[in-house]
Amino acid sequence: MRKYVIMGVQGSGKSTQAALLARDLDLVRITVGDMFRWHITQHTKIGAQVRRTMAAGELIDDDLVESLVHERLQLHDWNYGFVIDGFPRSRDQAEFFLETYDIDAVVYLDLPDEEVRRRVLARRLCADCGMDYNLIADRPTVEGRCDVCGGELVRREDDTEAALATRLREYHEKTDPVLEIFRRKEFVITVDAGQDVASVQREIRRKLGLPEYVQKKDD
Ligand code: AMP
């Protein structure tokens, strides 16, 4: 059983790296931002509650986030373990998490704010299937259209200059201390997220003592 947390500022590649780990190690991937985005697109009560906060780049209330993560983990469908990205992001969330679950390691994807801005402002998402693209590194074949389903590519509502500035500030204020809590417990590995996707994944695997990463055609 492996239980990992992936941390890093937005645009550091958390979801991509978590997805590769989950796929090859049979881990359940839990992406808190995606869970909230699902609520927004499905127009649920939670969606209505968080939409404005998210669009502004602010963090959602700890109680709500904790209950959502708790409910998700209570499903116990993670026979081989889980990799969770986007959580914990505050001291409270970290304490709640550590009280309830043992974690094997925290992967910290390190990326300077300037590179974060460059990447995030180039990010696009398919409005229909949710596939993500990047106008710098991962362009669609037809401009503005999803390669998979042909849906329209849009910017995430919180990928604007103003929301990004708020998210970076929130990150440094509230999430940097979380890293400190984990560092005291000595299970943080730091990886330079400025490298290409495969190199980041290889370094994560090496530092966690996992089987080597073998890149597949579509990775
Ligand atoms: P992400 O997709 O990880 O960049 O998250 C997008 C947004 O979802 C954040 O800017 C927050 O508004 C919200 N969010 C995601 N995870 C958390 C969390 N652990 N605590 C509070 N808000 C969160």
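Every residue number used here counts from 1 along the chain in the order it is shown.
Each Cβ is built from the backbone N, Cα and C atoms, and glycine gets one as well.
From the options 84-121, 122-159, the stretch TrEMBL describes as region 'LID' is 122-159. Going through Gln74, Gln195 against TrEMBL, the one listed in the ATP site together with Gly11, Ser12, Gly13, Lys14, Ser15, Thr16, Arg123 turns out to be Gln195. Checking the binding-site residues Leu59, Gly86, Arg167, Gln195 against ligand 1, the ones whose Cβ sits under 6 Å from it are Leu59, Gly86, Arg167. Highlighted in sequence order, Ala127, Asp128, Gly130, Met131, Asp147, Val148, Gly150, Gly151 have their Cβ within 8 Å of the centre of the Cβ atoms of Cys126, Cys129, Cys146, Cys149, the residues recorded for Zn(2+), and are not part of that set. Helix first, then strand, then coil: DSSP counts for the region 'LID' (122-159) stand at 0 helix, 12 strand, 26 coil. Listed by sequence, the residues of this chain that lie at least six past the ends of the region 'NMP' (31-60) yet keep a Cβ under 8 A from its Cβ atoms are 15, 18, 68-69, 72, 84-87, 89-90, 130, 157-158, 162-167, 170, 174.
In the structure as shown, the Cβ atom of Gly11 (ATP binding site) sits within 10 Å of 24 other Cβ atoms. Spanning the listed AMP site, residues Arg37, Glu58, Leu59, Ile60, Gly86, Phe87, Pro88, Arg89, Gln93, Arg156, Arg167 have a farthest Cα to Cα distance of 25 Å.
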